[in-house]
Amino acid sequence: MSDNRFKLHPVTTIINFVKGLKDLLIPFLIIFAANGFNLSFNPKEEGFWAELIPLAVMTILTILYLFNGIIKWWTFVYWFEDDELRVKYGLLVKKKRYIPFDRIQSFNYKEGIFHRVFGLVQVMVETAGSTDGKPEVILTAITKEAANQIEQVTRKVKQTKMEGVLEDEDGVDILEKDSNDHQQRIILKMKVKDLIILASTSNGIGVVLAGVAAVLSQFSEFIPYERIFEEVSSLIKFGVVVVAITIFAALFIAWLISVIITFINYYDYTVIEEDERITITRGLLEKKRITIPLNRIQAIKIIESPLKQIFGYSSVVVESASAGYGEKDKKMTLFPLISKREVYNTLRDLVPAFEWEQPLTKPPKKAKPFFYRIDFLWLVPIIALSSYFWFPYGLLSILIIVPVILIGLWQYKTTGFAIKGNQLTIVYRGISRVTFVVEKKRIQAMQSKQSYFQKRKNIASVQATVMSGMTGATAKAAHLNVHDAEQVLLWFEKGVSEKTF
């Protein structure tokens, strides 16, 4: 194994520095806004030194971030030794990490603006042992040739170890044939039309409006609400049409911003299958390449939000036992948008062992009230307080009961489960419809829950948990017949039954 030690590219200093400044941007904007954006350079003015405090703090922190970026780049080295990827960094406190190539699950890549200018890439080394959603090691900026070298060395070591074990009776390496068979298949490639539909059917518009509201709240004392109210009042005098056009224009701008954000995040979104791995590439300003080993996928979710469901679309999410793929969460969006006509055929081609369309065992009719009864616990005090403090208009809050009951009935019609062989399918709904598909061997825990009131009606709920993140991912089939819930537990506890319940 090579004893050469490799350093990161010097642009690592700038990347770390800019990342630190980005984290400080919002806090400093809030500080300056609270100070009324007053910044005087006249020492004779009252409060001159107090007004300079935010600027002084920002300057000191900026210098510290720059110094920290230089130290990280200067001390960071990596090398290959004893079938391990070894990393050492730190000035006062030396840190070392030794990662056996056997534990490396995948390499994920990012190309930000600075990376693309210098032809570099950020490499995130993912292992099976990470539980905090972070990569085991991040190489902030190295050349693409160096990234390929790391991947090739890892693959070579793994293959050499397997070749020493997996030989047939005649001494012929059975991997020899497979090693040359790494065909790529494009599973999904999103077009411009798909990105526009994704932006229109996702919660992007709501996020934009919420973001604007959050920013405005920070500058509320500088906003002339009385003048705005007068302008709005005069605008209303022109009629409903003008008000409707104004609202439409605001929503259109929010939608347009949502489309732009979607294009930046999901531009050239492509899903490729190769060598028992799924590779996802996406991004306009920052290109990302994420690899998901098929054998690390714990469960698959088909999610249909109400808007997507109306237009015949859905999204597909996978729960994985690997590290966070450079993302904040263990779950990874596989297909952000896919037609309902295509989703089952695409998944059937990708995971042929699963049965994607099955008849469901539904909750009994007597379970209907259980889907909305629990909501009354928080509705009653809200209605009571609203009616008391804002009488008589507060009495209108009683109308909230109607959508709550309708949503509960909607959940009742959606909920169900199916068992076939090793596979468990659970369908449930909060607001979005979720189809949760998992193999028996991937389930970490299965439990049945029954409240006092459920027991009186012979009703119970079952919940399956798979490994995903710190707490795992769960799916719940609520308010089933006790007999059906027992069948699910029996299927999990004993041998696999070929009967479909």
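Glycine is treated like the rest: Cβ placed from N, Cα and C.
The domain 'YdbS-like PH' annotation in TrEMBL covers 73-151 (among others). Taken as a whole, the domain 'YdbS-like PH' (73-151) shows an average pLDDT of 88 in this prediction.
Taken from TrEMBL, the feature domain 'YdbS-like PH' applies to 269-325 (among others). Remark: secondary structure over the domain 'YdbS-like PH' (269-325) totals 8 helix, 34 strand, 15 coil, with classes taken from DSSP.
Here TrEMBL flags 412-491 (among others) as domain 'YdbS-like PH'.
Positions annotated as transmembrane segment by TrEMBL: 21-41 (among others).
Residues or ranges marked as transmembrane segment in TrEMBL: 47-67 (among others).
Residues annotated as transmembrane segment in TrEMBL: 195-216 (among others).
What TrEMBL records for 236-267 (among others) is transmembrane segment.
Feature annotation from TrEMBL assigns transmembrane segment to 370-389 (among others). Here the transmembrane segment (370-389) has long-range neighbours at 395, 397-398, 400-401, 404-405, 407-409, 411-412, 415, 453-454, 457, 459, 478-479, meaning same-chain residues at least 6 beyond its ends whose C-beta is under 8 angstroms from one of its own.
The feature transmembrane segment is assigned by TrEMBL to 395-412 (among others).
Within its own chain, the transmembrane segment (395-412) has Cβ neighbours under 8 Å at 363, 367-368, 371-373, 375-376, 379, 382-383, 386-387, 428-431, 478-479, counting only residues six or more beyond its boundaries. Look at the domain 'YdbS-like PH' (73-151): DSSP puts its residues at 20 helix, 40 strand, 19 coil.
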